[in-house]
Structures are given as structure tokens and as C-alpha cells.
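For reference, the structure discussed in these notes is given below.
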Ligand SMILES: Nc1ncnc2c1ncn2[C@@H]1O[C@H](COP(=O)(O)OP(=O)(O)OP(=O)(O)O)[C@@H](O)[C@H]1O
Ligand SMILES: O=c1[nH]c(=O)c2[nH+]cn([C@@H]3O[C@H](COP(=O)(O)O)[C@@H](O)[C@H]3O)c2[nH]1
Ligand SMILES: NC(=O)CC[C@H](N)C(=O)O
Ligand SMILES: [Mg+2]
């Protein structure tokens, strides 16, 4: 980002899936921050002028020889340090404590008992009668012994050190993840660290981010014409509004009907766009092309790559047809890529995270693209994007729509994609969404959809044997889509949806409900 007048926090990234989330929380609190790889040139640390340093989590293990370490400059800086998960483990390992890999793994919710409140933890609790925190954990290793000079400030019933600190040095460590929303007091803890311990002022706001991005886009594209992949979803609609404001008629949008969209979505998207956006949109009907390219392909990553490649091919073709405004050339492809797309595809700037799945708009991009990318939301999260959308004046319905992945039904039909499966799934999905709206549950879940399982199961329909497909329903509650709870929808509601799907859609004999959290499951099935 551009130079701004704000106190700063430096995050050193050890490759956690959640590193960007730490940055997000800090920006939400109103403080500017940057993420650097843990092995970034340490000589730059002092010059950066941070008021505090956060060491992120990460997939490596400090118990293995050659594990990543915080550079000595971090300790020499005299700044407050907060180690999170791996970050705390490396503090322990580097400062004379001990870590071990044991069976006491913790994934998901844990209750942390505060045994010796310090400046970070004092007065923060989820319970009235004793001081304890409901937190989110994701670790296999743990700190077995705090280093000299450190006090163990919290424990769980599974691990001996859930938090520790050396208050004289202002060095803190937590095994849990304060940055994820499922750690209830997480933001309070981070705020405590950033404002009370590091002494930062909270002046970095959402309006700043819009201004900053508009300035950056103008600088980046100059007088060139930009083509935007517009899906009708939240992210690309917000990009459309942002670019419209930044570069006006130097923008043309392309909406691709992949045949893998929600039921009758193509028409709806075109209607909404014409009504609200006031930008030029070209619709490309490409269903046959997608089905043909996906024929016989069952592997999720392979499917994602094919879908991504076709998107880019189509954008490339369309760019040749556009009558460009400005200096007469389409040079840029804009996309509504947001941070979760990037991090799960291991495209993070620091390159330390592991691949979870290749989002079509990130991992799926071919090496030699004719167009260059403009992705103003690339470092932001969904709720930040929504706030920006509201600030830019987009309609509420559009901004609060459930997200829909670019590969669409392509990753919700497990295994090989066939047109008949897509139709059946789109219809089942439409029933589920319609019922959610009717029951006033749509806004209470963050994302809901149906999944097609290529599994046949026996049923009895009108006294006759049926041997048909299975539909899974998925609904989750989440703020940032990085972690999620399955939604506890009422049984009667689920029963009703199941009845409708089985009765109204020929070829489905069974409906199941997905009760997996993220982690370990992802939101989409592929
Ligand atoms: N059918 C499509 N036509 C054109 N571009 C698309 C299409 N689907 C996805 N894209 C591009 O890929 C990007 C990523 O898709 P993604 O689904 O994550 O975002 P979105 O559709 O804009 O928002 P949402 O997450 O709310 O669905 C989009 O922002 C858009 O640029
Ligand atoms: O545009 C997209 N292209 C993709 O390839 C893709 N894969 C997942 N998603 C959406 O991202 C969020 C997190 O999903 P996962 O937990 O399945 O990774 C959820 O909201 C998913 O719907 C995608 N969006
Ligand atoms: N999330 C983390 O930082 C995990 C740290 C380390 N890899 C462990 O499993 O304990
Ligand atoms: Mg989408």
C-alpha cells in the first residue's frame, strides 16, 4: 500500500492460513500493518518503523531441524512482540524454552484458563466466576516449557502453556488464534496488544482504503482500457463500482454464463447489472464450451484449472472485440479476487502457505496471459469488501448475497461434471435457497448451497424400488470464510427441504446435511 500516516505493526509470516486475517483484524482496529516473510531482509526491520511485531502461525514444526526462526533483529528492536501459535512456539524454542510434538493436538474450540493475568490478558474473560477464554486452536506441537524470564499465563486441560509472557521485555505468546472470529475475545486481545502494549493510535479507516485503492488503480492503468470479469457476485460487483469511480468509461465488464451457475442466474445477473450499475456488460454464453472441456475430468484441482483457463481464454477473446476508450487498448483484466482466494491457492505475497485448493481466479491462471491483472480487493476479506460496497452505494441485496464460487456447480458436482447433473443440482439448490428465504433464515447463514454426490442410493418411491443420486445440503456461519461453523438449521426446516427436493426432482432419492466445521473441512466440497 501507499505510504500513509498511521502507526504501524509489522507481521512476520511463517505461512499460516490466517496471517492475512491478523492483518485484517489490525486494520479493522484502525492501525496500518504489513506482512513480511519471516526471512525478509532483517536489516529493514528497524527502518520500517513499526510500533510492534507479530509472529504468525505456520505449518512447520519447531521440533524439526532447520525450522523457520524469527531473526535476531526482532528481539534487538526493543519492540513489543506477540507470537501466535507457531510464533509462540518459535519464541519458546529460540529463547531457551522447549517445544514438543505430542498427541495433545487441539483443532477447533478450546477453553483456555488464565492462571496468571498479565497486561495482555488481565480482565478479559468469557466466564463470570473464573477467568477463562473460549478460543480457536489449530496446532499439533506445543510449548512444553516457557523460556527463562517468561511466566506461564494460561493453560488448557491438554497443554501446559496456552499463553506466556515476559512483561519486562513486552514479549507475549499465545497458542490459540486471536485473529479468527471464533476466538470470542480475539479482537479485544489484539487491540490490547496494539493499543495498550504497543501504544498505537487507531486512525486507519475504511474510507482511507477506498481512496487508497482508487488512487492506486488510476496510477496502475493510466489511460488503458480495463476488462472486468463480472459474475454478479459481491466481489466483482464491488470492483465494478470501485473501477467505475476510478476510471469511468475506460471499463467494460464481461459476464460469462458457464452453464454452472445458480438456477436461472444468467438472466438475473444481466437484469441487476443493467438496473444498478450503469456500466457496460457483455454476456458470453459458454455453457457448451465448459461442459465439453470438463468431459471425463474428475479431479477437483484439474477441474478448477480447466475452468480458470476457459475464463481467461474468454476474457482474452472478448478483449479483442471491445471498442476501447482512453488510449485505445485493452491491457488489463480486473477480477474480484479477495484474500481467501489467494491464501488458499498459496499465492500469498510471502509464499509461505501450503496449497489448500486452487481458486479458479488465482491458481487457475495460465502462465502466459495476454492481459495484466488489476485486483483491487486482493488483500481484503469479505466483510471488508461488503463495507466498501455499502460505502460505494451498492444495493444491500447485492452486497449481502451469499458468495458463489467462480467454478460454480463445477466444484459442487463431485467428480465428473455432466449437464444433467448440473441441472438437477441447480434445481435442488434453488429449492434450498427459496426455503431459506421463506423461513427468514437466508441472512442468518453466511453461505448455503446444495452438493451433488455421484453416489447411488436405494429408496422406495410409491412402493417401487428407486436407485438414485444423493444431494448434500451445506449451510455455514462465518464472518470471514476462513473458519466456519455448520449452521444449526431446525430439523423441521431441513425435513421440509429434503421432502421438496426428493418429491420435486426426479433422480434424487436421498438428502443429507453436512455437519463439518472449517477447519478441518473447507466450505466447498472440492
Ligand atoms: N461467471 C463469471 N463471469 C465473469 N467473471 C467471473 C465469473 N465468475 C467469477 N468471475 C471472476 O472471478 C472472480 C472471483 O469469483 P468469486 O466468486 O470469488 O467472486 P464474486 O463472484 O465476484 O463474488 P462472490 O464471492 O460474492 O461470488 C470474480 O470476482 C470475477 O472477477
Ligand atoms: O471464486 C471462487 N473461486 C473458487 O475457486 C472458490 N473455491 C471456494 N470459493 C469460495 O471461497 C469461500 C471459502 O471456501 P472454501 O472453504 O471451500 O475454500 C467460500 O465462500 C467458497 O464458496 C471459491 N470462490
Ligand atoms: N497453526 C500453527 O501455527 C501450527 C503450528 C505448528 N505447525 C503446529 O502444528 O503446532
Ligand atoms: Mg462468485
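Here the Cβ of each residue, glycine as well, is placed from N, Cα and C on the backbone.
Features as listed in TrEMBL:
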{"type": "ACT_SITE", "residues": "85", "note": "active site, nucleophile"}
{"type": "ACT_SITE", "residues": "177", "note": "active site"}
{"type": "ACT_SITE", "residues": "179", "note": "active site"}
{"type": "BINDING", "residues": "231, 232, 233, 234, 235, 236, 237", "note": "ATP binding site"}
{"type": "DOMAIN", "residues": "204-401", "note": "domain 'GMPS ATP-PPase'"}
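Shown here: features listed in TrEMBL, placed on the structure.
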residue : record                   : DSSP (3 states)
85      : active site, nucleophile : coil
177     : active site              : coil
231     : ATP binding site         : coil
236     : ATP binding site         : helix
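In this structure the alpha carbons, written CA, of residue 235 (ATP binding site) and residue 85 (active site, nucleophile) are 31 Å apart. The sparsest Cβ neighbourhood within 10 Å, among the listed binding-site residues (232, 233), is found at 233. Scoring each of the binding-site residues (231, 236, 237) by how many neighbouring Cβ atoms lie within 10 Å, the top position goes to 237.
Counting other Cβ atoms within 10 Å of each Cβ, the recorded positions 179, 235 show the lowest value at 235.
Selection of the recorded positions 85, 177, 179, 232 by a Cβ distance under 6 Å from ligand 1 yields an empty set.
Among the recorded positions 85, 177, 231, 232, 234, 236, residues whose Cβ is positioned under 6 Å from ligand 3 are identified as 85. Only 231, 233 of the binding-site residues listed as 231, 232, 233, 237 bring a Cβ under 6 Å of any atom of ligand 4; the order follows the sequence.
Take the mean position of the Cβ atoms of 231, 232, 233, 234, 235, 236, 237, the recorded ATP site; other residues of that chain with a Cβ within 8 Å of it are 230, 238, 239, 336, 401. Within the same chain, residues at least six positions away from residue 85 (active site, nucleophile) with a Cβ under 8 Å of its Cβ are 16, 56, 57, 58, 138, 139, 174, 175, 176, 177.
Here residue 234 (ATP binding site) comes close to 336, 382, 385, 386, 389, 398, 399, 400, 401, 403: these same-chain residues lie at least six apart in sequence, with C-beta atoms under 8 angstroms from its C-beta.
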